[in-house]
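Data first, discussion second: the structure below is written as structure tokens.
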Amino acid sequence: MFRQATKQATRQLIANSRAITAKRALSVAARKTATSGLRSTAFAAKPLVATRGIKQINFGGVEETVYERADWPREKLLNYFKDDTLALIGYGSQGYGQGLNLRDNGLNVIVGVRKNGASWKAAIEDGWVPGENLFDVQEAVKKGTYVMNLLSDAAQSETWPALKPLLTKEKTLYFSHGFSPVFKDLTHVEPPTDIDVILVAPKGSGRTVRSLFKEGRGINSSYAVWNDVSGKAHEKAQALAVAVGSGYVYQTTFEKEVNSDLYGERGCLMGGIHGMFLAQYEVLRENGHSPSEAFNETVEEATQSLYPLIGKYGMDYMYDACSTTARRGALDWYPIFKNALKPVFQDLYESTKNGSETKRSLEFNSQPDYREKLEAELETIRNMEIWRVGKEVRKLRPENN
Ligand SMILES: NC(=O)c1ccc[n+]([C@@H]2O[C@H](COP(=O)([O-])OP(=O)(O)OC[C@H]3O[C@@H](n4cnc5c(N)ncnc54)[C@H](OP(=O)(O)O)[C@@H]3O)[C@@H](O)[C@H]2O)c1
């Protein structure tokens, strides 16, 4: 099967390469490797079978415990939470994904959002019924045995004075980000010390949490414990992680979760990669290259041809799949980029750890017109030449013809 899948992937890769640019072709050697089944041993050693469970995995020399869906089959989840009401507060990206997955898993979940806001309307459209399983925030918190705080991070801070007194002893408090409690000096969110406080952070948007669940897969998530008053906080977090739609779950701390998350999204996941695309594109344009050439050599080939290979088979595989000329140059230049960028990443980590990023986020996202201001910034991006060119290039993809 792997051979077949690899052959398909290779055919796709060749098609993409031809469509995008003829310049960088697959080397004969890489094609041979891709179709010869040489890599099938490594792939076959990690089959995706439903029977996996808790296991120790050696990640590059470091042993970690990983929890999987198989540890919490549906019947076990239903039994574990049979006396509970899961009060999910906030129905934005995560509220939508986690909430619908909990509901589809058959658990007793209710949603709490401010009445007549955008989320209230969205929740009704998704089948939540006012007075039955849709309430205002405070009412839902009162009813819940688990309070799943999925308000935006700025709103968690804003609403805390009203919510904290409602977090009585028998409840468990849940977050999907370490932001509020870790930076409590800025957010003023100081969880009560007499209740369990846990975290499950899906590594993706709420839309992905939902779509992967519907595909019968699951998103990767981390979990952490802030307070373990009952002695069962770890178990609760692992169970809830699976209940909201995680495929596998690894342990972290609230501090590590928030620092890695803020750092990652400002770096390689979003800000860093955007900055690198812009820098490369601008230099090409300044040197007389056409917009379509600059875009294809910067973004289209990356996202359509090479990055999917990194995701599926690893960086070495991607190198292996490119021409000898491309390989030589990339091998010579990656340390130069790494050395130039590392100080920027060090500054970014410091800015995350010392709370500067949190302060900036709270200040910006607490403004009444933050959505309009954000939209104005996104409009600027939308209107940049590179992304306007991208819109046209996408239309030329074979699947859009
Ligand atoms: N989005 C992601 O990809 C992602 C991934 C992992 C973890 N997380 C974490 O998950 C949590 C939820 O994030 P999210 O992205 O789902 O949030 P979001 O989409 O920004 O959701 C905002 C929710 O907060 C409500 N809200 C905003 N201001 C409010 C206020 N003043 N009073 C009451 N409600 C208010 C909104 O209700 P209205 O519609 O009424 O304004 C909406 O239901 C955060 O801790 C976030 O860091 C997010």
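A Cβ is built for glycine as well, from the same backbone N, Cα and C atoms used for every other residue.
The feature domain 'KARI N-terminal Rossmann' is assigned by TrEMBL to 62-252.
Summarising the annotation, TrEMBL assigns domain 'KARI C-terminal knotted' to 253-400. On the 0 to 100 pLDDT scale, the model's mean across the domain 'KARI C-terminal knotted' (253-400) is 96.
TrEMBL lists Asp261, Glu265 with the feature Mg(2+) 1 binding site. Mapped onto three states, the DSSP output places Asp261 (Mg(2+) 1 binding site) in helix. Cβ environment of Asp261 (Mg(2+) 1 binding site): His177, Gly178, Ala201 lie under 8 Å away, each six or more residues apart in the same chain.
What TrEMBL lists as Mg(2+) 2 binding site is Asp261, Glu297, Glu301.
DSSP assigns Ser323 (substrate binding site) to coil in the three-state reduction, placing it in neither a helix nor a strand. Positions annotated as substrate binding site by TrEMBL: Ser323.
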Length of the line joining the Cα atoms of Glu265 (Mg(2+) 1 binding site) and Glu297 (Mg(2+) 2 binding site), in Å: 24
Coarse DSSP state, helix versus strand versus coil, of Glu297 (Mg(2+) 2 binding site): helix
Number of Cβ atoms other than its own within 10 Å, given for Glu297 (Mg(2+) 2 binding site): 18
